[in-house]
């Protein structure tokens with residue numbers, strides 16, 4: 001009954017065909033006029049053979065000759081359109097292969113008879129043109145009209161389901177295959193295996209494989225690929241071995257999967273054996289096999305062998321060039337990546353977006369701004385500047401080279417942004433020391449509803465740590481909990497560092513204890529945090545637990561440990577840890593380790609040993625070491641050694657302000673006022689100016705600044721009242737001011753007054769007045785540091801708790817004055 005309604009009457013078919021013939025003949029005639037050779041027909045007008053026309057049409061497909069094919073169709077129509085069903089299917093295939101899908105559909109619609117091949121041919125055309133809905137419609141029509149569901153139908157519909165990402169229907173098709181007895185067919189079985197491995201159903205794929213009676217090499221390759229793509233690397237290698245035992249020779253696709261399995265198992269010796277097999281079968285010249293070999297050798301850090309393979313393989317394609325450039329850039333071999341890119345351009349191979357992304361990554365790592373600009377010009381020239389990966393890499397180059405303005409311009413002009421785009425800008429601002437802009441950009445990122453990642457959270461937490469912004473850091477912690485990033489190791493490490501640098505060491509330890517997994521960064525952050533807060537016993541305890549848990553300390557671990565020993569004055573323990581670092585863990589001492597030891601020895605009064613240690617350092621002593629010795633000399637008032645230390649520092653950095661001031665203070669402590677005058681005169685000649693001490697506090701979004709003896713603040717009366725009350729309370733408790741801290745030639749009473757109008761105490765008094773009862777007042781200390789040739793400012797934090805009683809007394813006293 002269905003067939004009766006689906007077929008048209010013969011008269012209607014003839015009528016519609018005649019209309020289509022006129023239009024088609026006109027098109028063919030125009031093409032015949034353009035090429036006279038196409039007017040030649042296979043035979044005289046009186047004869048007609050479907051077989052001859054079929055052969056000619058198949059030649060048109062092989063030669064990719066659409067003009068010849070349409071001309072032949074024109075002649076077929078003129079001779080009465082008497083092709084048999086087989087020849088008509090070939091003609092239908094011609095239009096499908098030439099992407100004339102509308103003409104193919106018209107031809108199909110006017111066919112008096114159709115079979116399964118007719119439907120499958122047209123369905124394949126729709127799938128190739130991504131017209132999936134129409135393809136499904138024709139499959140349904142095929143089934144309703146009662147045509148045979150053969151192996152070609154099932155392989156086509158499985159391909160259609162994969163293209164439409166309808167993996168859940170694969171099992172339904174599989175049931176139909178089993179019902180009709182096609183499950184033992186290798187052709188259909190292989191298609192099912194590939195469909196199941198896309199779905200991730202490895203067990204189902206294995207069952208299909210076992211049900212195939214006569215397995216071929218393609219079937220075995222499908223199973224190996226299924227295992228590899230789903231992470232079953234050992235099973236893939238076992239299947240490959242069984243395939244060889246049965247007697248099948250692998251092809252290029254098999255080798256690609258086996259090499260990927262070797263890489264997944266990190267079985268590089270096995271990969272070398274497979275490489276030998278590849279050489280015997282001459283598949284090393286295949287592009288994808290060669291690229292897989294490059295991937296194996298580069299990821300095994302065997303760059304020399306990878307270079308040899310790269311030199312011997314064909315290099316006309318961009319893929320091997322891009323892979324090698326990417327591996328060089330990812331292996332901190334940026335100069336080799338740039339050099340290979342230049343060789344690629346000399347070989348006239350056109351880079352793609354992946355090539356540009358990799359070479360720009362190399363430029364960012366080596367901070368090669370000039371070459372990065374040249375690459376930028378090429379990117380604009382070929383029109384890839386709108387590609388999100390390339391634009392992200394360009395932003396990273398400018399950010400790493402200190403050109404955040406240019407990076408922001410690219411960001412604002414970028415038509416396509418993803419989470420990497422936002423992260424690149426946020427990381428760039430944070431690393432350049434502008435945490436405030438990084439935080440602002442993070443808020444915009446949230447407004448645009450872009451999902452933050454572990455990179456985002458770790459960066460903004462670092463910004464909070466640098467700004468000592470505890471409240472925003474706590475809010476970000478809440479966000480990480482909501483998005484399930486709080487258990488991520490990188491994010492948790494950022495939280496520990498943020499809480500430690502914002503003074504909340506208990507919260508830092510709480511995050512540390514709640515971590516399911518810890519790495520050396522986690523332990524180092526906790527040790528450094530305790531050391532920063534002066535909790536040296538806790539820092540050393542964490543270090544001991546770290547060793548007991550089997551986590552190997554690195555150089556940063558011992559920086560924190562030695563720093564803790566320095567803060568606590570644990571000379572013997574510090575020496576023991578320093579010796580253990582070298583002998584037990586093989587950590588080569590760096591300038592930070594030596595600086596901690598010099599400070600430790602100097603603070604304990606062993607200035608001669610500290611000076612001797614500096615002389616024994618293999619490399620030339622840095623400014624950082626002499627500063628540590630100079631600071632120790634200032635504590636113990638060793639004028640001679642302090643003078644020598646200062647001379648070494650000023651020899652390397654003549655304009656160093658801190659050294660002049662510290663040397664002047666040493667002379668002042670020793671009451672050598674003539675030497676103090678000489679240092680001040682020398683500073684004046686060199687144009688070195690001492691920046692005045694400055695303390696500030698933020699209250700309700702407003703920042704209040706104070707200098708020594710400042711009387712300009714509008715709340716100065718209340719501040720003085722608080723200072724007077726604090727002075728009385730501290731003296732009753734037995735506090736005696738240390739007048740030696742005032743390094744000026746003035747009377748003792750005047751020195752005492754100077755101590756109480758210090759900018760830090762003014763800021764603290766104001767904070768006690770303005771902040772709510774029980775809140776914390778964060779106090780930030782700045783001191784210069786130098787590491788690996790870079791100087792900067794280190795921030796540490798401590799807290800004061802304002803009690804309700806003190807506040808009430810202050811308010812009462814201030815109202816009376």
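Any Cβ shown, glycine's included, is placed from N, Cα and C.
What TrEMBL records for 734-778 is domain 'DYW'.
Sequence annotations record features per position, and here TrEMBL assigns repeat 'PPR' to 84-118 (among others). Through the fold, the repeat 'PPR' (84-118) approaches residues 10, 13, 16-17, 20, 24, 50-51, 53-54, 57-58, 60-61, 66, 69, 73, 76, 124-126, 128-129, 131, 142, 145, 147-150, 152-153 of its own chain, all at least 6 residues removed from its boundaries and within a Cβ separation under 8 Å.
For the repeat 'PPR' (216-250), the number of residues in each DSSP class (helix H, G, I; strand E, B; coil) is 27 helix, 0 strand, 8 coil. The feature repeat 'PPR' is assigned by TrEMBL to 216-250 (among others).
Beyond its flanks by at least six residues, the repeat 'PPR' (317-351) meets 287, 290-291, 294-295, 298-299, 301, 303, 306-307, 310, 358-359, 361-363, 365-366, 368, 371, 378, 382 of its own chain at Cβ-Cβ distances under 8 Å. Marked as repeat 'PPR' by TrEMBL: 317-351 (among others).
Long-range neighbours of the repeat 'PPR' (387-417) within the same chain, counting only residues 6 or more positions beyond its ends whose Cβ lies under 8 Å from a Cβ of the stretch, are 353-354, 356-357, 360-361, 363-365, 367-369, 372, 376, 379, 424-425, 427-429, 431-432, 434, 450. What TrEMBL records for 387-417 (among others) is repeat 'PPR'.
The repeat 'PPR' annotation in TrEMBL covers 418-452 (among others). For the repeat 'PPR' (418-452), the list of distant contacts is 388, 391-392, 395-396, 399-400, 402, 404, 407-408, 411, 459-460, 462-464, 466-467, 469, 472, 479, 483, 485, 792: same-chain residues at least six beyond its ends, Cβ to Cβ under 8 Å.
According to TrEMBL, the feature repeat 'PPR' maps to 488-518 (among others).
Non-local neighbours of the repeat 'PPR' (519-553) in the same chain are 489, 492-493, 496-497, 499-501, 503, 505, 508-509, 512, 559-561, 563-565, 567-568, 570, 573, 581, 585, 587, 796-798; each lies 6+ residues outside the stretch with a CB under 8 Å from one of its CB atoms. Here TrEMBL flags 519-553 (among others) as repeat 'PPR'.
Proximity of distant same-chain residues to the repeat 'PPR' (216-250), defined by a Cβ-Cβ separation under 8 Å and at least 6 residues beyond the stretch ends, is recorded for 186, 189-190, 193-194, 196-197, 200, 202, 205-206, 209, 257-258, 260-262, 264-265, 267, 270, 277, 281. As a whole-number mean, the pLDDT of the repeat 'PPR' (317-351) in this prediction is 90. Residues in the repeat 'PPR' (488-518) partition by DSSP class (helix H, G, I; strand E, B; coil) as 23 helix, 0 strand, 8 coil. In terms of DSSP secondary structure, the repeat 'PPR' (317-351) contains 26 helix, 0 strand, 9 coil.
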